[in-house]
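Single-structure report; data block below.
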Amino acid sequence: MVHEAPHASSFQMLLQLLLLLLLRAEPLRSAELTFELPDNAKQCFHEEVEQGVKFSLDYQVITGGHYDVDCYVEDPRGNVIYRETKKQYDSFTYKTEAKGVYRFCFSNEFSTFSHKTVYFDFQVGDEPPILPDMGNRVTALTQMESACVTIHEALKTVIDSQTHYRLREAQDRARAEDLNSRVSYWSVGETIALFVVSFSQVLLLKSFFTEKRPVNRAVHS
């Protein structure tokens, strides 16, 4: 008879409980998008939000120009509740005072030739507890429940870190490609200039060693 190790059985139970809790948890209403913003252009997004609900907006310019963009948020009445100009990145959190469609816009109208790539993450509402009635419980969490909560928080941290590093990698790659293009153009320009200078020197040296013979003209009387 083969006996299963106690720690292996506990680990399987922990995974099953964590899976059930993740399936029961209601996700946040969120939108995560990376889009192109041409020069002299503005892009707006709309989201209907209930009254008394908190929403948050995080954005960052990945590529283009000085990595800056104008951003503003309007409530359903048309009042501007957030406005920033030429920001590389920022975060904004707001608790709604009225139900309706909220609009947030990104503007690149101040730029005449710089094409931008913008990332934003828009979340509505608070994250529900991973365990039911977690805030109203009288008894303490069991060891397995505490482990599930810890794993859930660690997974959230991993997701946030991956998003951060993915944006940093995209931004660094864009800068490296831009630098590579500039170095390539500079190298081509130097090559052409070197060729022109070398050809001019050859012609100049050739003129030094070319014998100039006087032309004798016969004078007829």
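Every residue gets a Cβ built from N, Cα and C, even glycine.
According to Swiss-Prot, the feature domain 'GOLD' maps to 42-124.
Residues annotated as dimethylated arginine in Swiss-Prot, with similarity to another entry given as evidence: R103. In the three-state DSSP assignment, the secondary structure recorded for R103 (dimethylated arginine) is strand.
According to Swiss-Prot, the motif 'COPI vesicle coat-binding' annotation covers 208-221, on the basis of sequence analysis.
Taken from Swiss-Prot, the feature signal peptide applies to 1-25.
Here Swiss-Prot flags 28-184 as topological domain 'Lumenal'.
What Swiss-Prot lists as topological domain 'Cytoplasmic' is 206-221, and the listing cites sequence analysis.
Long-range Cβ contacts of the transmembrane segment (185-205) within its own chain (Cβ-Cβ under 8 Å, at least 6 residues beyond either end) are absent. According to Swiss-Prot, the feature transmembrane segment maps to 185-205.
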- Stretch-averaged pLDDT - the topological domain 'Lumenal' (28-184): 86
- Sequence-distant neighbours of R103 (dimethylated arginine) in its chain (C-beta under 8 A, six or more apart): C44, F45, H46, V73, E74
